[in-house]
Amino acid sequence: MFYSCLKKILFQLDPEHSHEFTFRHLKRITGTPLQFLISQSVPTKSVDCMGLSFKNPLGLAAGLDKNGDCIDVLGAMGFGFIEVGTVTPLPQQGNQKPRLFRVTEAEALINRMGFNNLGVDYLINNIKRSRFGGVLGINIGKNKETPLEVSKEDYLICMDKVYPYAGYIAVNISSPNTEKLRQLQYGDLLEDMLTSVKKKQTQLHEQHDRYVPVAVKISPDLSEEELIKLADAFLKHEIDGVIATNTTLDHSLIQGLNHCQQSGGLSGRPLQPSSNETIRLLSKELKGRIPIIGVGGIDSLMAAREKIAAGASLLQLYSGLIFQGPALIKKIIHHI
(Lines of atoms letter the chains of each structure in order from A; the text may use other names.)
(Lines give C-alpha, C1' and ligand atoms only; values in the text may rest on other atoms or scores of the structure.)
Protein backbone atom coordinates (compact mmCIF):
# COMPACT_ATOMS: atom_id res chain seq x y z
CA MET A 1 0.00 0.00 0.00
CA PHE A 2 2.77 2.44 0.97
CA TYR A 3 4.71 1.79 -2.25
CA SER A 4 1.55 2.18 -4.36
CA CYS A 5 1.09 5.68 -2.95
CA LEU A 6 4.76 6.53 -3.31
CA LYS A 7 4.84 5.24 -6.89
CA LYS A 8 2.02 7.59 -7.89
CA ILE A 9 4.18 10.51 -6.75
CA LEU A 10 7.45 9.22 -8.22
CA PHE A 11 5.86 8.41 -11.57
CA GLN A 12 4.83 12.06 -11.92
CA LEU A 13 8.54 12.86 -12.22
CA ASP A 14 10.87 12.28 -15.14
CA PRO A 15 12.24 8.72 -14.69
CA GLU A 16 15.84 9.77 -14.10
CA HIS A 17 14.80 12.55 -11.70
CA SER A 18 12.62 10.02 -9.89
CA HIS A 19 15.60 7.67 -9.58
CA GLU A 20 17.87 10.45 -8.30
CA PHE A 21 15.23 11.63 -5.81
CA THR A 22 14.71 8.11 -4.47
CA PHE A 23 18.41 7.34 -4.15
CA ARG A 24 19.16 10.68 -2.54
CA HIS A 25 16.77 9.79 0.27
CA LEU A 26 17.78 6.13 0.47
CA LYS A 27 21.41 7.20 0.76
CA ARG A 28 20.55 9.25 3.84
CA ILE A 29 19.24 6.22 5.71
CA THR A 30 21.52 3.48 4.39
CA GLY A 31 23.54 1.98 7.22
CA THR A 32 21.48 3.84 9.86
CA PRO A 33 18.76 2.60 12.24
CA LEU A 34 16.19 4.21 9.92
CA GLN A 35 16.68 1.29 7.54
CA PHE A 36 13.99 -0.51 9.53
CA LEU A 37 11.43 1.65 7.71
CA ILE A 38 11.85 -0.44 4.57
CA SER A 39 13.47 -3.61 5.90
CA GLN A 40 11.68 -6.90 5.29
CA SER A 41 11.98 -10.25 7.01
CA VAL A 42 12.41 -13.06 4.51
CA PRO A 43 13.15 -16.76 5.03
CA THR A 44 16.62 -18.16 4.45
CA LYS A 45 16.63 -20.34 1.34
CA SER A 46 20.32 -21.04 0.87
CA VAL A 47 21.74 -21.66 -2.59
CA ASP A 48 25.33 -22.67 -3.34
CA CYS A 49 26.46 -21.28 -6.68
CA MET A 50 29.84 -20.36 -8.21
CA GLY A 51 31.47 -21.61 -5.02
CA LEU A 52 29.54 -19.04 -2.97
CA SER A 53 26.73 -19.44 -0.45
CA PHE A 54 23.71 -17.21 -1.10
CA LYS A 55 21.13 -16.63 1.66
CA ASN A 56 18.42 -16.83 -0.97
CA PRO A 57 18.40 -17.02 -4.78
CA LEU A 58 17.03 -13.52 -5.48
CA GLY A 59 19.37 -10.61 -6.16
CA LEU A 60 19.32 -7.03 -7.37
CA ALA A 61 20.54 -6.61 -10.94
CA ALA A 62 23.27 -4.16 -11.90
CA GLY A 63 22.26 -0.69 -13.04
CA LEU A 64 20.06 0.40 -10.15
CA ASP A 65 22.84 1.19 -7.66
CA LYS A 66 25.69 1.95 -10.03
CA ASN A 67 27.91 3.62 -7.44
CA GLY A 68 27.14 1.50 -4.39
CA ASP A 69 25.49 4.41 -2.57
CA CYS A 70 22.67 2.35 -1.06
CA ILE A 71 23.99 -1.20 -0.63
CA ASP A 72 22.87 -1.64 2.98
CA VAL A 73 19.36 -0.25 2.61
CA LEU A 74 18.75 -2.27 -0.56
CA GLY A 75 20.05 -5.35 1.23
CA ALA A 76 17.57 -4.71 4.03
CA MET A 77 14.76 -5.32 1.52
CA GLY A 78 15.64 -9.01 1.59
CA PHE A 79 17.91 -9.60 -1.39
CA GLY A 80 20.28 -12.54 -1.07
CA PHE A 81 22.80 -10.71 -3.21
CA ILE A 82 23.30 -7.29 -4.74
CA GLU A 83 25.13 -6.44 -7.94
CA VAL A 84 26.45 -2.87 -8.09
CA GLY A 85 27.74 -1.06 -11.18
CA THR A 86 28.29 -1.04 -14.07
CA VAL A 87 31.44 0.78 -12.98
CA THR A 88 34.31 1.98 -15.19
CA PRO A 89 37.93 2.92 -14.38
CA LEU A 90 37.22 6.64 -14.71
CA PRO A 91 34.06 8.61 -13.89
CA GLN A 92 31.88 9.41 -16.89
CA GLN A 93 28.60 11.21 -17.48
CA GLY A 94 27.07 8.72 -19.87
CA ASN A 95 24.85 9.60 -22.80
CA GLN A 96 22.88 12.79 -23.32
CA LYS A 97 19.61 13.25 -21.43
CA PRO A 98 16.78 12.32 -21.63
CA ARG A 99 17.98 8.72 -21.65
CA LEU A 100 15.52 6.80 -19.48
CA PHE A 101 11.85 6.20 -20.37
CA ARG A 102 8.94 4.37 -18.79
CA VAL A 103 6.66 2.24 -20.94
CA THR A 104 4.13 2.05 -18.14
CA GLU A 105 1.47 0.06 -20.00
CA ALA A 106 3.95 -2.80 -20.45
CA GLU A 107 5.73 -2.33 -17.10
CA ALA A 108 8.92 -1.76 -19.05
CA LEU A 109 11.81 0.67 -19.23
CA ILE A 110 13.93 1.88 -22.12
CA ASN A 111 17.35 3.19 -21.24
CA ARG A 112 20.35 4.50 -23.11
CA MET A 113 22.30 5.56 -20.02
CA GLY A 114 25.77 4.70 -21.32
CA PHE A 115 27.58 3.52 -18.17
CA ASN A 116 27.14 6.80 -16.26
CA ASN A 117 29.01 6.33 -12.98
CA LEU A 118 31.40 8.04 -10.57
CA GLY A 119 34.27 5.65 -11.21
CA VAL A 120 35.63 2.53 -9.56
CA ASP A 121 37.43 4.34 -6.72
CA TYR A 122 34.22 6.05 -5.56
CA LEU A 123 32.42 2.69 -5.62
CA ILE A 124 35.13 1.01 -3.55
CA ASN A 125 34.94 3.71 -0.87
CA ASN A 126 31.21 3.04 -0.55
CA ILE A 127 31.75 -0.72 -0.36
CA LYS A 128 34.28 -0.25 2.45
CA ARG A 129 31.56 1.46 4.52
CA SER A 130 28.91 -1.16 3.79
CA ARG A 131 27.81 -3.77 6.31
CA PHE A 132 25.73 -5.82 3.89
CA GLY A 133 25.90 -9.48 4.88
CA GLY A 134 24.91 -11.00 1.54
CA VAL A 135 26.99 -11.66 -1.56
CA LEU A 136 28.13 -8.50 -3.35
CA GLY A 137 28.60 -8.67 -7.11
CA ILE A 138 30.51 -5.90 -8.87
CA ASN A 139 29.68 -5.29 -12.52
CA ILE A 140 32.52 -3.80 -14.59
CA GLY A 141 32.72 -2.17 -18.01
CA LYS A 142 34.82 0.07 -20.20
CA ASN A 143 34.96 3.84 -20.50
CA LYS A 144 33.31 5.30 -23.59
CA GLU A 145 36.54 6.85 -24.87
CA THR A 146 38.54 3.62 -24.61
CA PRO A 147 38.98 2.09 -28.10
CA LEU A 148 37.33 -1.30 -28.47
CA GLU A 149 40.61 -2.95 -29.47
CA VAL A 150 42.17 -2.19 -26.06
CA SER A 151 38.98 -2.26 -24.01
CA LYS A 152 40.16 -5.31 -22.08
CA GLU A 153 42.57 -2.99 -20.25
CA ASP A 154 39.63 -1.16 -18.64
CA TYR A 155 38.18 -4.44 -17.41
CA LEU A 156 41.55 -5.52 -16.00
CA ILE A 157 41.99 -2.19 -14.19
CA CYS A 158 38.58 -2.63 -12.60
CA MET A 159 39.30 -6.25 -11.69
CA ASP A 160 42.51 -5.22 -9.93
CA LYS A 161 40.67 -2.65 -7.84
CA VAL A 162 37.45 -4.47 -6.98
CA TYR A 163 38.82 -7.98 -6.43
CA PRO A 164 39.42 -7.64 -2.66
CA TYR A 165 35.84 -6.40 -2.11
CA ALA A 166 33.79 -8.53 -4.52
CA GLY A 167 31.84 -11.70 -3.87
CA TYR A 168 31.87 -12.14 -7.64
CA ILE A 169 32.81 -9.96 -10.60
CA ALA A 170 30.42 -9.49 -13.54
CA VAL A 171 32.00 -8.65 -16.89
CA ASN A 172 29.52 -6.58 -18.89
CA ILE A 173 30.12 -7.04 -22.62
CA SER A 174 26.47 -6.77 -23.65
CA SER A 175 25.14 -3.29 -22.91
CA PRO A 176 23.59 -1.88 -26.09
CA ASN A 177 24.25 1.70 -24.98
CA THR A 178 28.04 1.90 -25.32
CA GLU A 179 29.03 2.02 -28.98
CA LYS A 180 30.30 -1.31 -30.36
CA LEU A 181 30.51 -2.88 -26.87
CA ARG A 182 28.48 -5.91 -27.95
CA GLN A 183 31.19 -6.78 -30.48
CA LEU A 184 33.13 -8.10 -27.48
CA GLN A 185 30.77 -11.10 -27.55
CA TYR A 186 32.24 -12.35 -30.82
CA GLY A 187 35.34 -13.87 -32.38
CA ASP A 188 38.84 -12.71 -31.55
CA LEU A 189 37.63 -9.89 -29.30
CA LEU A 190 35.75 -12.38 -27.12
CA GLU A 191 38.68 -14.81 -27.07
CA ASP A 192 41.11 -12.07 -26.08
CA MET A 193 38.76 -10.77 -23.38
CA LEU A 194 38.15 -14.16 -21.78
CA THR A 195 41.82 -15.14 -21.93
CA SER A 196 42.87 -11.86 -20.31
CA VAL A 197 40.16 -11.92 -17.64
CA LYS A 198 40.95 -15.51 -16.59
CA LYS A 199 44.69 -14.78 -16.51
CA LYS A 200 44.04 -11.74 -14.30
CA GLN A 201 41.73 -13.79 -12.07
CA THR A 202 44.48 -16.38 -11.57
CA GLN A 203 47.02 -13.67 -10.69
CA LEU A 204 44.65 -12.01 -8.22
CA HIS A 205 43.73 -15.36 -6.66
CA GLU A 206 47.40 -15.97 -5.90
CA GLN A 207 47.94 -12.39 -4.72
CA HIS A 208 44.97 -12.29 -2.33
CA ASP A 209 44.77 -16.00 -1.48
CA ARG A 210 41.06 -15.82 -2.26
CA TYR A 211 39.15 -16.99 -5.33
CA VAL A 212 36.57 -14.54 -6.67
CA PRO A 213 34.34 -16.02 -9.39
CA VAL A 214 33.87 -14.21 -12.69
CA ALA A 215 30.52 -14.15 -14.51
CA VAL A 216 29.89 -12.73 -17.98
CA LYS A 217 26.71 -10.80 -18.79
CA ILE A 218 25.29 -11.50 -22.25
CA SER A 219 22.70 -10.07 -24.63
CA PRO A 220 19.24 -11.50 -25.34
CA ASP A 221 19.64 -10.56 -29.02
CA LEU A 222 21.95 -13.44 -29.96
CA SER A 223 21.07 -16.14 -32.47
CA GLU A 224 21.16 -19.80 -31.44
CA GLU A 225 24.39 -20.25 -33.40
CA GLU A 226 25.97 -17.27 -31.63
CA LEU A 227 24.86 -18.61 -28.24
CA ILE A 228 26.43 -22.00 -28.97
CA LYS A 229 29.74 -20.30 -29.79
CA LEU A 230 29.54 -18.24 -26.61
CA ALA A 231 28.78 -21.31 -24.51
CA ASP A 232 31.74 -23.14 -26.03
CA ALA A 233 34.02 -20.19 -25.23
CA PHE A 234 32.76 -19.99 -21.64
CA LEU A 235 33.39 -23.71 -21.15
CA LYS A 236 36.82 -23.53 -22.75
CA HIS A 237 37.91 -20.68 -20.48
CA GLU A 238 36.17 -22.06 -17.38
CA ILE A 239 34.08 -18.96 -16.76
CA ASP A 240 32.34 -19.27 -13.38
CA GLY A 241 28.88 -17.99 -14.30
CA VAL A 242 26.74 -16.42 -17.01
CA ILE A 243 24.25 -13.60 -16.41
CA ALA A 244 21.41 -13.87 -18.91
CA THR A 245 20.35 -11.37 -19.98
CA ASN A 246 20.99 -7.70 -20.51
CA THR A 247 18.40 -5.42 -22.15
CA THR A 248 17.13 -5.97 -25.70
CA LEU A 249 17.13 -3.76 -28.77
CA ASP A 250 14.00 -5.54 -30.03
CA HIS A 251 11.07 -3.23 -29.36
CA SER A 252 8.51 -5.21 -31.37
CA LEU A 253 6.50 -6.22 -28.28
CA ILE A 254 5.86 -2.59 -27.35
CA GLN A 255 4.87 -1.31 -30.79
CA GLY A 256 2.30 1.46 -30.55
CA LEU A 257 2.98 2.15 -26.88
CA ASN A 258 4.32 5.37 -25.41
CA HIS A 259 8.07 5.87 -26.06
CA CYS A 260 8.28 2.72 -28.21
CA GLN A 261 10.35 4.62 -30.80
CA GLN A 262 13.02 5.67 -28.32
CA SER A 263 16.39 4.06 -28.91
CA GLY A 264 18.04 2.05 -26.16
CA GLY A 265 17.79 -1.20 -24.26
CA LEU A 266 14.33 -2.46 -23.33
CA SER A 267 13.85 -4.15 -19.95
CA GLY A 268 10.86 -5.30 -17.95
CA ARG A 269 7.95 -7.57 -18.85
CA PRO A 270 8.47 -7.55 -22.67
CA LEU A 271 11.97 -8.95 -22.14
CA GLN A 272 10.66 -12.16 -20.53
CA PRO A 273 10.29 -14.31 -23.68
CA SER A 274 13.71 -13.59 -25.20
CA SER A 275 15.48 -13.76 -21.85
CA ASN A 276 13.86 -17.11 -21.02
CA GLU A 277 14.69 -18.54 -24.43
CA THR A 278 18.31 -17.41 -24.11
CA ILE A 279 18.53 -19.12 -20.71
CA ARG A 280 16.93 -22.29 -22.07
CA LEU A 281 19.31 -22.55 -25.04
CA LEU A 282 22.32 -21.66 -22.92
CA SER A 283 21.39 -24.21 -20.28
CA LYS A 284 21.13 -26.87 -22.97
CA GLU A 285 24.67 -26.09 -24.17
CA LEU A 286 26.29 -25.66 -20.76
CA LYS A 287 24.75 -28.88 -19.37
CA GLY A 288 25.01 -27.70 -15.77
CA ARG A 289 28.76 -27.09 -15.95
CA ILE A 290 28.38 -23.32 -15.59
CA PRO A 291 25.52 -21.79 -13.56
CA ILE A 292 23.20 -19.17 -15.02
CA ILE A 293 21.92 -16.06 -13.25
CA GLY A 294 18.54 -15.32 -14.80
CA VAL A 295 17.46 -11.71 -15.25
CA GLY A 296 15.00 -10.01 -17.54
CA GLY A 297 11.36 -9.22 -16.91
CA ILE A 298 10.82 -10.91 -13.54
CA ASP A 299 7.70 -9.16 -12.28
CA SER A 300 5.88 -11.99 -10.50
CA LEU A 301 6.37 -15.31 -8.76
CA MET A 302 5.35 -17.08 -11.97
CA ALA A 303 7.98 -15.19 -13.97
CA ALA A 304 10.61 -16.14 -11.40
CA ARG A 305 9.61 -19.81 -11.61
CA GLU A 306 9.80 -19.69 -15.41
CA LYS A 307 13.42 -18.51 -15.20
CA ILE A 308 14.31 -21.41 -12.91
CA ALA A 309 12.47 -23.87 -15.17
CA ALA A 310 14.48 -22.53 -18.12
CA GLY A 311 17.73 -23.30 -16.29
CA ALA A 312 18.62 -20.40 -13.99
CA SER A 313 20.22 -21.12 -10.61
CA LEU A 314 19.91 -17.55 -9.32
CA LEU A 315 17.59 -14.66 -10.21
CA GLN A 316 17.84 -10.87 -10.40
CA LEU A 317 15.30 -8.04 -10.35
CA TYR A 318 15.41 -4.49 -11.66
CA SER A 319 12.38 -3.21 -13.57
CA GLY A 320 10.03 -5.42 -11.55
CA LEU A 321 11.19 -3.66 -8.40
CA ILE A 322 10.43 -0.26 -9.96
CA PHE A 323 6.89 -1.21 -10.96
CA GLN A 324 5.93 -3.64 -8.17
CA GLY A 325 7.95 -2.37 -5.21
CA PRO A 326 9.77 -4.28 -2.43
CA ALA A 327 6.75 -6.52 -1.77
CA LEU A 328 7.74 -8.45 -4.91
CA ILE A 329 11.03 -9.45 -3.27
CA LYS A 330 9.28 -10.91 -0.24
CA LYS A 331 6.68 -12.73 -2.32
CA ILE A 332 9.24 -14.41 -4.56
CA ILE A 333 11.57 -15.47 -1.76
CA HIS A 334 8.74 -16.85 0.37
CA HIS A 335 7.28 -18.99 -2.40
CA ILE A 336 10.12 -19.81 -4.79
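Even glycines carry a Cβ here, placed using N, Cα and C.
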Of Asn125, Asn172, residue recorded by Swiss-Prot at the FMN site of Ala62, Gly63, Leu64, Asp65, Lys66, Thr86, Asn139, Lys217, Thr245, Gly268, Gly297, Tyr318, Ser319: Asn172
Separation of alpha carbons, Arg112 (substrate binding site) and Tyr318 (FMN binding site) (Å): 15
Non-site residues, in chain order, whose CB comes within 8 A of the mean position of the CB atoms of Lys66, Asn111, Arg112, Met113, Gly114, Phe115, Asn172, Asn177, Asn246, Thr247 at substrate: Gly63, Thr86, Gly94, Ser175, Pro176, Thr178, Gly264, Gly265
Entry from the binding-site residues list Ala62, Leu64 having the most other CB atoms no farther than 10 A: Ala62
Intrachain C-beta neighbours of Ser175 (active site, nucleophile), sequence separation six or more, cut-off 8 angstroms: Thr86, Phe115, Gly141, Leu181, Arg182, Asn246, Thr247, Gly265
Max CA-CA distance, Å, over listed FMN-binding residues Ala62, Gly63, Leu64, Asp65, Lys66, Thr86, Asn139, Asn172, Lys217, Thr245, Gly268, Gly297, Tyr318, Ser319: 20
All-chain count of other Cβ atoms within 10 Å of Asn172 (substrate binding site): 26
